[in-house]
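Some features that Swiss-Prot has for this protein:
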{"type": "BINDING", "residues": "30, 31, 32, 33, 51, 87, 88, 89, 90, 91, 415, 496", "note": "ATP binding site"}
């Protein structure tokens, strides 16, 4: 086991504080509409330019191990806020730095760190309650656009694009962000249920130009197992032929004699048919087949339920207005399922999302929910260079996360105003224990940090801005750093999602309180390099070669 270096008390806190300051100072230059970019070296390819706090925080690794521990704890603040709210990482970092610095001063002055921590927790609880009271629900598409615009750094087209995508797919829908090959940024809406399985044979293609299968007013047979024999399928095929409508078969697989017969029927024109594999694997495949059954008003043919393929009737088949299948994907549009059944299934999936602790499972459940409840929108981010596209993609992702958070918990005045106004709620708290009160006062002072930083990044004195806002009695009065004017923040559309502000403060205070109560730090001592091997003394027995006449 390697030897360790241990630092105590003031020495430990000083080193830790240096690390906190290095990371926070690199991150906080990005805050606000006039925040600057940070350029990050990459081991290969062009450097990355970003205005995203968590991206900067993740890149910082310091040489001094004690300083690095402080920096890594602060990085944890940004990461946690990003995971929970998807935005507000820079605000969280600025708040954490302010709490740690004031806390370290108080500890150095002889106050009890555990009492300080209690005071910090009491004050944070009061602020969160205050933010909850101030939050205003997001009602219109215009308000969603405002949130997106602010989070994308004043880029109005991005805000509008996100609002448009949310309007199309609903709040439950999935919106993904991808890089575009062209210069333009655009929204692509996929209506209906789309899954990543294509046709099993190119002979099913109905549109040779696009190489797609297009089936209108179609019957859908959903089978849990493989279909390989023809005999069991004959009754249902004959019934579909008589109805004169096309048929789509979704099963674990269709192979052998069954697939050959379907292809021959399709080519002879007797039956307009196509077959695809069921999406997903194992239990997830079964769940997705059940989703499709509910969406199309059909029944999943499963031997567990006592239904065999031979006994299937037309009533058991699902229906849809249109199905489009290409080489890789299948899209079912306007399924004939009952609204009440679909809604019940949506609620069931929502309950599973609440219960699951696995991020992977949650993501898959959300995908299923979106396919049932609304659809999928893809925002394709374009730009002139790869560096520009990546920078813009960071901003679009932040804006998307912010709008989702706004829909969940509502909006509050932006630009650091909500935290500044919460000072009133904290100021009302009085505690008999002087050290606990000092902890409350630490948060009271830290609540000014984000608005001061926004002002300073805009080249304005932070303390003057804070003073002017607090003088005004209006709860929504604040500083527009873009125009350097004092305005009504809600009327101007400068808003923050309440969830982002709340999460930023909670995560900042949680990690900062841990740092304030740290009394010792342990790090591995750097290993001394092993001495180099002594130089070789030549090959033995070669000494007599000196006389050779070279």
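Cβ from N, Cα, C; glycine included.
The structure, with features from Swiss-Prot marked on it.
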residue: 30; record: ATP binding site; CB count, 10 Å: 22
residue: 32; record: ATP binding site; CB count, 10 Å: 27
residue: 51; record: ATP binding site; CB count, 10 Å: 21
residue: 88; record: ATP binding site; CB count, 10 Å: 32
residue: 90; record: ATP binding site; CB count, 10 Å: 29
residue: 415; record: ATP binding site; CB count, 10 Å: 27
Next on the checklist: When DSSP is mapped onto helix/strand/coil, what comes out for residue 32 (ATP binding site)?
Outcome noted: coil
Checklist entry - Per the record, ATP is bound by 30, 31, 32, 33, 51, 87, 88, 89, 90, 91, 415, 496: how many Å separate the farthest pair of Cα atoms? => result 17
Checklist entry - According to DSSP, which kind of secondary structure is residue 90 (ATP binding site) found in, if we only use helix, strand and coil? => result helix
